Amino acid sequence: MDLVIVDVGCGNIGSVGIAFERFGLSPVISGDPETIAAADKVILPGVGAAGYAMEEIVKRGLAGTLRGLTQPVLGICLGMQMLFEHSEEEGTDCLGIIPGRVRKLSPAPGMPVPHMGWSSLQVRDDRIGLRTGDYVYFAHSFAVDAGPATVASADYGREIPAAVRARNFLGAQFHPERSGEAGARFLESFLNA
Amino acid sequence: MPARRIIPCLDVKDGRVVKGIQFRNHRDVGDIVESAMRYREEGADELVFYDISASAEGRSLDPEWVRRIARVIDIPFAVAGGVRTRDQAAACLDSGADKVSINSPALERPALIEELARDFGSQCVVLGVDSFEADGDYWVKQYTGSPDATRDTGRRTLDWAKEATERGAGEIVLNCMRRDGVRTGYDLAHTRAVVETASVPVIASGGAGALEHFRDAFVDAGASGALAATVFHDRLIAIPDLKEYLGTCGIEMRR
């Protein structure tokens, strides 16, 4: 399988690549629009700030390419947030592939921000390899609004979409590559899609 | 709050895991990858690797051992030790670390916190604080990796916790130095004070010796995670037993 990880110039490319190597794959890291468009499957990673990551995407001429992809695409963490319309983080316009906005989490007593650690899931879609009650690892200060695309969620003062799905696009707010056995099942379901 | 985290801390020196008492007299306790795998199998929620001599020796930790760990484990881990520039932090994250913990370099130049938070997000930036009780208050120490280099900063711990989180630190590992390695329990009052001062997760560190100490860190001090080294390295507490016990205390644990 020809798996391409989009090079957005920063972030968890290292650990995402290693996670797929565990499945015997050799993902290619690329910022080249043609290579990305020709891939069987595409991973949009991202740790970092939305403004910086979106700037890198635009600078590399990738926004149109990413919007036009028809093969299975997986956005992870910030990579998932970028699939939506707009992020409150630095007032950033994102790719607009999935309707909805990204908002900052508000800290409350007993609920510090970032939301960091293992939270249990409510799962609404049995095709994503996850089950209700699975614990997965989160590390984020911003989250998308729950909506029709939400297929798994965690509770953190408000409903936090943990996985989203729209057409060929799948997103994970959590870090599947750092979520033990549950994370591996999620990645496997994407690879088998 | 997510499940409370049990976090073994692995002190690293020359690519090996070591442990000392009150930051002195380090002895070799094992290979770094074998230790990482062992804790992952036992159910640790996260790992922290500190290159304890890097900062005092004026160098950054070696991304080579970060890569070795990242290849084998599928739980999050943070790395620490002498990271003082954006590029050094980027090298750790690109090598597969989930978070970079900064301590002495953030005290040297607090703007480092903002630079890392801006480029990588607060969730990647952990502030390590070595807090020392003296004259009825708690104070931040610097360069604690080496007894000869350790010095007072003149900063109150609570002031520093507040400043650092405002600058963008996304988590605080609060190490209470007088409790390090002595197994008499976490400093609950001080940890509680930092939890109430900072809006970010706080990890209790220093003093774990019994199952109840972990319960107290979560229930009484409100910590998001509890870090320990000696009790895990010396197999005085097994993580599955600890999680079982904390579960019976009504504390949410990842199983």
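In case you wondered, yes, glycine gets a Cβ from its N, Cα and C as well.
Residues belonging to the domain 'Glutamine amidotransferase' (A:41-191) score a mean pLDDT of 95 in the model. Annotated domain 'Glutamine amidotransferase' per TrEMBL: A:41-191, in sequence order.
Residues annotated as active site, nucleophile in TrEMBL: A:Cys77.
Annotated active site per TrEMBL: A:His175 (among others), in sequence order.
If you look up TrEMBL, you'll see A:Glu177 (among others) marked as active site.
All protein chains considered, the CB of A:Cys77 (active site, nucleophile) has 27 other CB atoms within 10 Å. Secondary structure at A:Glu177 (active site), taken from DSSP and collapsed to helix, strand or coil, is helix.
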